[in-house]
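A short worksheet on the structure shown next.
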Amino acid sequence: MIQLSHLQKLEAEAIFIIREVVATCDKPVLLYSIGKDSAVLLHLAMKAFYPAKPPFPLLHVDTTWKFREMIAFRDETAARLGLDLIVHVNQEGVKAGIGPFASGSRIHTDVMKTQGLKQALDLHKFDAAFGGARRDEEKSRAKERVFSLRSPEHRWDPKNQRPEPWQLFNTRKHKGESFRVFPLSNWTERDVWDYIALENIQVVPLYFAAPRPVVKRDGAWIMRDDERMGLLPGEVVESRMVRFRTLGCYPLTGAVESEAASLTEIIAEMRSSRSSERQGRVIDHDGAGSMEQKKQEGYF
Amino acid sequence: MTALAKEKRSSGPAAGQVPANDSSGLDASGQHSLLRFITCGSVDDGKSTLIGRMLYEAGAVLDDQLDTLDADSRKFGTQGTQPDFALLVDGLSAEREQGITIDVAYRYFATEKRSFIVADTPGHEQYTRNMATGASTADLAIILIDARKGLLPQTRRHSFIVSLVGVRHVVVAVNKMDLVGYDETVFRRIVADYREATKSLGFASVRFVPVSARDGENVMRRSPAMPWHDGPALLPLLETIAVAPERQGEGGFVLPVQWVNRPNLDFRGYAGLAVRGRARVGDAVTVLPSGRASRIARLIGAAGEASNAAVGQAVTVTLEDDVDVSRGDVIVAASSSVPAGREMKARLLWTGERALLQGGQFLLKLATQSANATLEVLHHSIDIEGFRPVPAQSLRMNGIGFVSLKLDKPVIALPYQENRELGGFILIDRISNETVAFGFVEAAAGEADAGGVATGQLARLRQTLIRTVGRSGTPDRRLWLAAVSWRLLSTAGLFLAAWAVTEQVGISAVLALGDIALRPLLRRLHALLWRERADSALQDGAGI
């Protein structure tokens with residue numbers, strides 16, 4: 001009898017979910033957000049269809065405020081794997097001058113991320129979108145199904161979700177409805193890093209500690225990635241050894257001071273950490289239930 | 001920093017020593033052991049509070065989350081200025097507003113001995129389907145009972161559903177002991193009541209722990225308030241409890257085909273998750289329901305090209321012959337018996353808003369197979385408080401019934417007790433697309449439909465034989481022959497050596513035969529000596 005390890009079980013489950021989408025949906029897409037979870041998701045998709053390539057493109061909803069290293073990594077990854085990459089920017093938002101500094105995190109995230117995502121899904125008529133979200137990230141995500149049904153307006157109805165017994169997914173939907181699918185639902189942050197180490201998966205270098213130009217703002221270390229970030233009175237740019245536990249728009253993502261420059265060190269640091277990975281995410285702290293609110297509006 | 005976070009940092013039971021998500025606890029095979037469990041019980045029994053308390057005690061609630069909890073407790077909490085641990089798990093706004101759990105929430109935590117996936121399930125009858133969902137993947141169920149109220153109808157319903165979906169181990173947590181003055185007689189009465197009520201459900205083990213989830217009594221460590229309780233506290237019990245090993249490895253290889261991978265003319269692979277047995281390259285297989293025979297040419301697992309594959313793995317196989325295979329077909333070892341039929345007897349847990357009526361038509365989904373199903377007969381419903389069959393014309397939401405289904409094409413299925421993947425199904429309403437029932441196959445009729453499927457005593461005997469010696473021409477048979485020839489050679493060697501020394505044929509023969517007979521016996525005794533010891537109370541009836 002071959003006994004599968006915990007990670008092997010998670011891997012098999014995720015591959016099964018990815019294949020189930022391709023077998024039952026018309027036009028899937030993988031929402032590639034460039035972070036570590038996306039990296040694992042993409043790696044699993046490559047496995048699921050080997051020796052063929054994944055029969056769906058990658059979609060990146062670019063808010064135009066991502067770290068430059070993320071964009072470089074994104075383009076390099078798509079080229080290396082030979083996959084189609086669709087980059088979508090909400091041009092209306094750009095025209096209206098929306099940005100984290102000008103409009104605040106809430107409006108910026110809504111317009112550039114949530115609305116941008118909905119535009120892209122509608123434009124290309126995707127009926128299923130993979131995301132790398134995990135249930136351990138946040139309380140309302142813990143209630144999310146693996147196959148999360150969205151209305152034609154992309155709304156999530158948390159009170160009326162389909163039951164998902166065993167690994168049996170009801171993949172039926174009406175015209176216009178779509179699924180958000182989360183193959184990493186049952187993974188924890190720890191599982192993700194263990195798997196990255198085990199499978200030697202490439203991730204954006206921002207996860208590893210290095211001296212970076214940062215500014216202390218509202219109690220968080222914000223990396224000044226380009227000139228668009230003006231300095232407030234009294235603020236100075238310092239060079240500090242920092243790294244990121246999650247990656248998003250650079251003005252909204254707090255760095256942690258760390259010496260962890262390798263996977264082993266990151267995993268060791270995480271094991272002794274007393275704060276959650278999303279602590280550095282400004283958008284999660286816009287009030288209790290704010291993630292749920294965003295999800296209902298169509299956010300991943 | 002808030003008071004709660006401060007207390008946690010300085011004197012919290014696990015802070016610093018047992019980081020969240022630690023996985024240093026390894027089981028005998030060198031792997032981290034995982035326990036999947038659910039909590040269930042009636043409304044307001046304190047399920048979410050208990051899970052929140054366990055997460056906190058296990059050190060899985062991090063500082064920023066504690067700060068949020070402090071703030072939330074003041075806003076939504078039901079515990080005055082005290083932290084309301086239920087708010088750690090009740091993640092939906094509607095749940096926080098109403099102070100109840102609506103949907104199943106999955107949480108992940110670890111102690112130094114074990115890691116856990118816990119499904120917190122709703123207590124309201126209205127949300128029973130969400131509770132059943134949580135139970136469908138659980139190894140163990142914690143059933144909460146409010147010490148003040150004793151057994152409620154919902155306790156019996158949940159116990160029944162837990163047994164229906166195949167959870168074999170139950171821990172009854174008698175909660176709110178603080179509100180009955182930690183009275184032992186209250187606890188003893190509930191223990192007796194529960195045993196009496198559930199004796200027909202066939203659980204492998206039932207354990208009882210008196211707790212106060214709010215105050216953390218008997219959660220992480222034994223409570224000084226209840227010295228009369230001689231068992232372990234709840235978390236230590238969960239850390240050590242042995243759940244019956246999965247039996248799905250038994251029987252021949254079964255692969256429901258999920259997707260046909262055909263990137264070019266040279267490659268045609270059949271991808272899916274193996275749900276039983278194991279396979280090797282070269283094995284003879286049958287494709288059901290067509291009954292076409294072939295052999296496995298290549299096996300591709302998650303780690304790439306492989307020589308074998310086993311239950312639980314996501315694989316892609318190619319066959320030596322060009323046979324027609326599509327999604328919904330099932331590839332099985334040629335030696336195995338998996339029946340296919342157009343009729344099915346099953347138990348249903350009805351989850352639809354509208355009642356089930358005789359003649360209803362649905363889409364059935366079982367593993368990767370889909371078929372149109374008609375409800376031919378609703379034999380009876382099951383009174384899930386008294387666990388008795390009662391005559392019924394229809395099934396209402398959350399009702400359980402025993403039915404016969406007629407299918408528009410052969411479906412390959414096994415009884416749920418034998419195999420969850422090939423025995424569990426859902427029914428989908430063809431107009432609303434809602435999942436309206438969970439199904440549990442009792443017996444798949446029309447076994448004769450399947451090509452070359454063996455039935456009866458003789459066939460079973462033959463299969464047992466084949467499992468032992470392998471099919472001719474397969475690597476299994478070679479392995480068996482190799483083992484036999486090695487045993488004969490070593491016996492002959494011993495005989496010759498003994499004869500050379502003693503020159504007595506009789507003594508040499510006894511020694512050699514003794515070697516044949518005694519060695520397996522000694523090996524078994526030795527294995528017994530080194531077997532991992534399960535909790536002794538679990539041994540009775542656990543089938544371990």
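Note: Cβ is positioned from N, Cα and C throughout, glycine not excepted.
According to TrEMBL, the protein has these features:
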REGION    B:1-25  region 'Disordered'
COMPBIAS  B:1-10  compositional bias 'Basic and acidic residues'
DOMAIN    B:32-246  domain 'Tr-type G'
BINDING   B:41-48, B:120-124, B:175-178  GTP binding site
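In the predicted structure, the domain 'Tr-type G' (B:32-246) carries a mean pLDDT of 84. Ranking the binding-site residues B:Lys47, B:His124 by C-beta neighbours within 10 Å puts B:Lys47 at the top. Counting every protein chain shown, the Cβ of B:Met177 (GTP binding site) has 28 other Cβ atoms within 10 Å. Look at B:Gly41 (GTP binding site): DSSP puts it in a strand.
Using a 10 Å Cβ-Cβ cutoff, B:Gly41 (GTP binding site) registers 26 neighbours. Within the set of binding-site residues (B:Asp44, B:Thr121), the lowest number of other Cβ atoms found within 10 Å of a Cβ is recorded at B:Asp44.
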